[in-house]
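S.K.: The structure under discussion is supplied below as structure tokens; questions concerning it will follow.
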Amino acid sequence: MSVFEIKHPLVQHKISLMRAKDMSTRSFRQLSAEVGSLLTYEATKDLELENFQMEGWDGEITGQRLVGKKATVVPILRAGIGMLDGVLELMPSAKISVVGLYRDEETLEPVTYFEKLAGDIDQRLALIIDPMLATGGSMNATIDILKKAGCNDIRALVLVAAPEGIEKVKSAHPDVDIYTASIDDHLNESGYIIPGLGDAGDKIFGTK
């Protein structure tokens, strides 16, 4: 397992803006998509290409195109939806698989209430998207669902991650790489990431 903390200046600038207490829903939503797009760029750097011949404006040229596994984007509902448009900007043909989870506020454990996966997910690269990797419970539950469906090429894209969540995913799924804009300090007693972003779902959907 590898953890990639993306230190690109644009990523760091945008994730810092998202931490502001007075961030509007519109701005938070837009930045979630933008950082999601930048994380997708980093997470797909190793996709396989092949050469092919094509007609250019001045005759035949050699181009390159993607080959190998196609992708499916897996937003964890509901907050993962906030990153989806940004991912699809770069991968508009990707199928969308959906996993719905909520965190039990007493046990902090994930509860699955919905899942709808691409029919051929066992043949696809899965990009799980969720703004927060906090305790790691929701991420592990989603990975479990994907693996049960036969998908074994999985990457996780999160805006911010807590060290505790990273370790939990690493322990359960050492084959899954994580891409994040920031590895934050710790979880508080309520299971929220510090300094974190607050409740990303509420901020994206305007229900805070």
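In case you wondered, yes, glycine gets a Cβ from its N, Cα and C as well.
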S.K.: Let me know which member of R26, R29, R103, R155 Swiss-Prot also records as binding 5-phospho-alpha-D-ribose 1-diphosphate at the site of R78, D130, P131, M132, L133, A134, T135, G136, G137, S138, D199.
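M.R.: Within the candidate list, Swiss-Prot flags R103.
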S.K.: Tell me, how many other CB atoms lie within 10 A of the CB of D199 (uracil binding site), whichever protein chain they belong to?
M.R.: 15
S.K.: Between G198 (uracil binding site) and M132 (5-phospho-alpha-D-ribose 1-diphosphate binding site), how many Å separate their Cα atoms?
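M.R.: Cα of G198 (uracil binding site) to Cα of M132 (5-phospho-alpha-D-ribose 1-diphosphate binding site) measures 10 Å after rounding.
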S.K.: Grab the 5-phospho-alpha-D-ribose 1-diphosphate binding residues from the record (R78, R103, D130, P131, M132, L133, A134, T135, G136, G137, S138, D199) and give me their largest CA-CA distance in Å.
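M.R.: Taking every pair among R78, R103, D130, P131, M132, L133, A134, T135, G136, G137, S138, D199, the longest Cα gap is 17 Å.
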S.K.: If you count CB neighbours within 10 Å, which one among the binding-site residues G136, G198 has the smallest count?
M.R.: G198
